[in-house]
Amino acid sequence: MPNINNTCAANDEYEVIGETQWQIIESSGDEQTINIHGFKYSKLRATLLHTVCILLCGLPYFALAYYPSYNRFKYVKCSLKTAKEICVIDSDGGWTTEKVLEVDLNLSNHRDNRLRYFMFKHNRFIWLNDQGVFINVLALNEKLTIQLLMENMSGINKRQQNELIKLYGTNSVEVEVKSYWTLFVEEVFNPFYLFQVFSIILWSLDEYYQYATCVFLLSVATCMLALYQTKQMSINLHKMAGSTSAFTVTVLRPTRMGREECVVNASRLVPGDVLVLPPDGCVMPCDAMLLTGTCIVDESMLTGESVPVMKGPPCSSSEIYSTEGHKRHTLFAGTHVMQTRFYGNNQVLAKVVRTGFYTAKGELLKSILFPKPFGFQFYKDAVKFVIFMFCIAAIGMGYSIWLYVVRGSLIGTIVLRTLDIITIVVPPALPAAMTAGIVYSQNRLRKNRIFCVSPPRIVICGKLQVMCFDKTGTLTEDGLDFHSVIPLRSGEKFGECVVEVSSLAVTSPLIQALASCHSLTSIQGQLKGDPLDLKMFEFTQWVLEEPGPENTRYDNLTPVIVKPATSANGSMQNLDDFDPFTMEIPYEIGLLRRFHFSSAQQSMGVITNVLGQPQMVYFVKGAPEKVAGMCNPETLPENFSSVLNEYTSNGFRVIGLAHKKLDRKMKWVDAQRVKRSNLECDMAFLGFLVMQNSLKPETTQVIRELHEASMRLIMVTGDNIMTAMSVARGCLMVQPHQKLVLITTGQPQTNDSRPPLCMEVVGEGAPPKLALDAYVLALEGKTWAVIRTHYPELMPVVLARGMVFGRFGPDQKTQLITALQGEDVVVGMCGDGANDCGALKAAHVGISLSEADASVAAPFTSQEQNIKCVKLLALEGRCALSTSFAIFKYMALYSLIQFFSILILYNFYSILGNNQFLYIDLVLTTLLALSLGRASPGPVLTRQSPPVSLVALSSILPLIIQVSLVLVMQVASIYLLYAQPWFKPVEGGPDVEQVLCWENTVLFIVTAFQYLIMACVYAKGWPFRQPFCTNYYMMITLVTQSVFVTVLLLCPWQWLADFMEVEAMASADSEQTMFRIYLLLIPALHIILAIAVEASLSDCEKFSRLVRMMRRRCDKAAEGDAARPLCVPSHLQLC
């Protein structure tokens, strides 16, 4: 039972400020920081707020619906102890108000009968009265030791369960599926739809019924589509979450006579319950730690790893239990337990440690429901640009007010024309147009079997600067090929390498180690497990059997037996052949207990017993350095290091093997209880297992292409550093002209001194100075830990030049990704999803190589098991980013083109007609914007990367010039019109707004050409997209609309001119005909100048370099330091 009054979070910090009126809660578990404030409801404040809302025709209610933080005006601050409402401010600045709930709680160690708590993002925060703080309920169990968890195997009684449900909540991760009406109300309060409603009302008042109707129908269709997609997403998420109330589980309950089994609904499970796992497996309803037995678990839903994992109970110790640190002993919610294995008549038991949204499955759902926002310069600049457009609209509104007031127009006309400016400058279709490129990119990725659960991250792929790769299964083949075994011969040196099992005696300790030290299991007659274990076991030519309960040859039931495939005379030897009165004892080895591999231990072990032998033997295999530390130094050969370096430097994966004969008095029960640390000492070294890990065929070519694109590449692996460096050389991640500098660490000379660091150029020794452009760094996980702790001043150098990181644990991989992100670069990570989950989630672009449609480990999942997906994502990302830039610029120009034309027409007592608005907004610009989004990615990655900032000089200067050209061409067309002798201007008046006039016709035709010109300018292909001539939709739209507008200018039919509200062709007026031809020269000149501006500024590499050079001048000092040669610091030793 948790002690509520005396519990503080091990990984959480709670800071109380301002006499408990507010509090900061920091949690390292989910990396969120929240700031909470205590409030009480105020009737006076609420009455004033509602009064103001009513007086303002209910408009503030819309703001309150979209910005819930403003609801806090209904409350007054108070202490957290007496608060009825909690205002929560998350780490991203979002505000929300949560009610404080109270419930009766009768726990033996809880002094108060009332439990106060509030919920935030499916996290429960409870009030600790003694400490005066709220804590996450998860913190109650974060100091539990493994020994404490394993003490009580009888579970909890029903009364305790009922009380703990009040404390922890039910074991439910159900996702609410909202009704269409609820979704509709939430969608309507979106500012985008509110702006649409405002625009439709405004156009209806101005008698733009056709346009308003079309926009209304489109808005309804868009809203319905959005509601359907949201509903389907909720349904899919609900199905993914499942329902724990739909099935029952068996738990243990304590009784006076011992314990009994009891069937309960899975939704009523609480921490402390002891589950009885069925032999045929099940789907885990919660996170639970194994107490007895072993399980074969399919965790592909969580990690994307298709290989089943064998899990067993931990050793009883005072070590603090954590689900991440002890995942080899933890069954996670949502994973499929395929089989359970037990000893004798014992049951397979597991203790519940987490329930509900605190389970691994719950954390996954929370990450989907409340995704971590990521800052991207493009989106930030887009918001700034929209605000800037509102400022322009304000200027235009001021001008139109002045213009119509001077004319003496009616108030209604002034209001309508002024408000109309807003709908022109800030187009309602902007958000939809911006997502077009991303949608098309996502569809193309899906065709390449790359799935994305976070579409906005596709754009981030376009600015990928640093790409990190796991080694095994990512750069190299997932499976390992057996190369050889290097046994330890009699004497002090290794013997010759062995490639045939026949060269080893079947009873030799080395062959026993190879046959028994693994985590293989038989599922439906097929061996399953780690690929390395499979290859190793295949080499021995032994067989693995999992006997039934009738076979009891080893004190108790042995879960796994291994034996030679054939006996001495060549016949198969089965377990059931054994008869002690008629034949010899068969040579078989029982695997009594397995200590599964863990990244922290870098090894695995197994306690074995040869049938008929009284003495047990412990075998271990793992990282050679780790195994050597377990062995008696006298058993290690003299050439241990030289042989190890010889093979690892050539890219082989080397595994160390050792064994130890255990005390003859040790029995099966003792073997189940002995601590691993007591076994892994004073062992005898046996030899090396050498595996060949070949590069995938696609690896080298993709690495070369990424290098050519100036992308920085990093390898971060749990494998040996020498092997990692060899693979990095082999796949050309380390360029031929670059030299690898290996940084290692040693033992401190005194207790107070820092561990020394040693640098050497691999294969050459260490020069006194290292030029940064020619050297890259390699280091191991332990060196990384030393540098982070004792040499923080070296971290910038390591992050800037580090390329190969070996022997990195899962947490260290995440640390590296986070540290790189701190250098203000976009970081990607590609791995198989097994030990890389933390790094994949932390990276801006996480790519999991998995056969699943989507892996929870990363926003991107590639079913193609190679790194070609990185190139494809980079290409699609650059295409999507440049397309989003193009569409945004086009929509901005579209707004300003119409803005200028409307203001000019206002000045000449004219305005665009309904059909003209309809054609421009719904036909011309919509088709062009959608066609722009269909651009395909370029074929190759170039060194040049797409711009990321809309407000950068290289982006804003060409845009300003283009806007200026638009205005100049429109004014020029009016001057050309006024220069015609036959032209008669519109006769003005206070409320004159003539549509059919030459001013209208000229500006409508010229602006229509300008929309086409801008689309043509921003549809350029190279270097991030295919040439726009390959975009058939774009070509068809440009050609057809250009022909239509040209016909409308030169020779419009009467019916067409009437429909489009333009001046018809005068049959006998040659001057008007020549004017129409001259007017065509303005768009022709415009397109030449516009393309020249774009080519000379936006596409000019020299101009871009000039802008970058100007930007870097302010950072000249820092740049100068980074360019200096890297001299070996005084505290670094030369190797």
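Note: Cβ is positioned from N, Cα and C throughout, glycine not excepted.
Note that the coordinates shown come from a computational prediction; the quantities given were computed from them, not determined experimentally.
According to TrEMBL:
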| type | residues | note |
| --- | --- | --- |
| DOMAIN | 31-104 | domain 'P5B-type ATPase N-terminal' |
| TRANSMEM | 48-67 | transmembrane segment |
| DOMAIN | 153-203 | domain 'Cation-transporting P-type ATPase N-terminal' |
| TRANSMEM | 180-202 | transmembrane segment |
| TRANSMEM | 208-228 | transmembrane segment |
| DOMAIN | 259-367 | domain 'P-type ATPase A' |
| TRANSMEM | 382-402 | transmembrane segment |
| TRANSMEM | 414-440 | transmembrane segment |
| TRANSMEM | 891-911 | transmembrane segment |
| TRANSMEM | 917-936 | transmembrane segment |
| TRANSMEM | 948-978 | transmembrane segment |
| TRANSMEM | 998-1019 | transmembrane segment |
| TRANSMEM | 1031-1055 | transmembrane segment |
| TRANSMEM | 1075-1097 | transmembrane segment |
Original post:
When you scan the chain for residues with a C-beta under 8 Å from the transmembrane segment (414-440), skipping those not six or more beyond its ends, what do you find?
Top reply: 192, 195-196, 198-199, 202-203, 205-206, 215, 222, 382, 386, 389-390, 392-393, 396-397, 400-401, 404-405, 455-456, 458-459, 879-880, 883-884, 887-888, 891, 894-896, 898-899, 902, 906, 921, 925-926, 929-930, 932-935
**OP:** Tally the residues of the domain 'P-type ATPase A' (259-367) by DSSP class, grouping H, G and I as helix, E and B as strand, and everything else as coil.
**Re:** 21 helix, 39 strand, 49 coil
Subject >> Number of helical, extended and coil residues in the domain 'P5B-type ATPase N-terminal' (31-104), per DSSP >> reply: 28 helix, 27 strand, 19 coil
Subject >> Non-local residues, at least 6 beyond the ends, that sit with Cβ under 8 Å of the transmembrane segment (1075-1097) >> reply: 954, 957-958, 961-962, 965-966, 969, 972-973, 976-977, 980, 1002, 1005-1006, 1009-1010, 1013-1014, 1016-1018, 1020, 1046, 1049-1050, 1065, 1103
Subject >> Winner by Cβ pairs under 8 Å against the transmembrane segment (382-402), considering only 208-228, 917-936, 948-978, 1031-1055 >> reply: 948-978
Original post:
How many of the residues that make up the domain 'Cation-transporting P-type ATPase N-terminal' (153-203) does DSSP mark as helix, as strand and as coil?
Top reply: 33 helix, 0 strand, 18 coil
**OP:** Verify whether three or more Cβ pairs under 8 angstroms connect the transmembrane segment (917-936) with the transmembrane segment (208-228), leaving out any pair fewer than 6 apart in sequence.
**Re:** yes
Original post:
Considering pairs 6 or more residues apart, do the transmembrane segment (948-978) and the transmembrane segment (917-936) have at least three CB pairs under 8 Å?
Top reply: no
**OP:** For the transmembrane segment (891-911), find every same-chain residue at least 6 residues outside the stretch whose CB is under 8 Å from a CB in it, and list them.
**Re:** 385, 389, 392-393, 396, 399-400, 403-404, 417, 420-421, 424-427, 429-430, 433-434, 920, 925, 929, 959, 962-963, 966-967, 970-971, 974, 985-989, 992-995, 997, 999-1000, 1003-1004, 1007, 1010-1011, 1014
**OP:** Would you mind giving the whole-number mean pLDDT across the domain 'P-type ATPase A' (259-367)?
**Re:** 84
Original post:
Apart from its near flanks, which chain residues at least 6 from the ends of the transmembrane segment (998-1019) lie with a Cβ under 8 angstroms of it?
Top reply: 886-887, 889-890, 893-894, 897-898, 901, 904-905, 908, 910-913, 916, 919-920, 924-925, 928, 931-932, 935, 962, 966, 969-970, 973-974, 976-977, 983, 985-986, 1028, 1031, 1034, 1037-1038, 1041-1042, 1045, 1048-1049, 1060-1063, 1079, 1082-1083, 1086-1087, 1090-1091, 1094
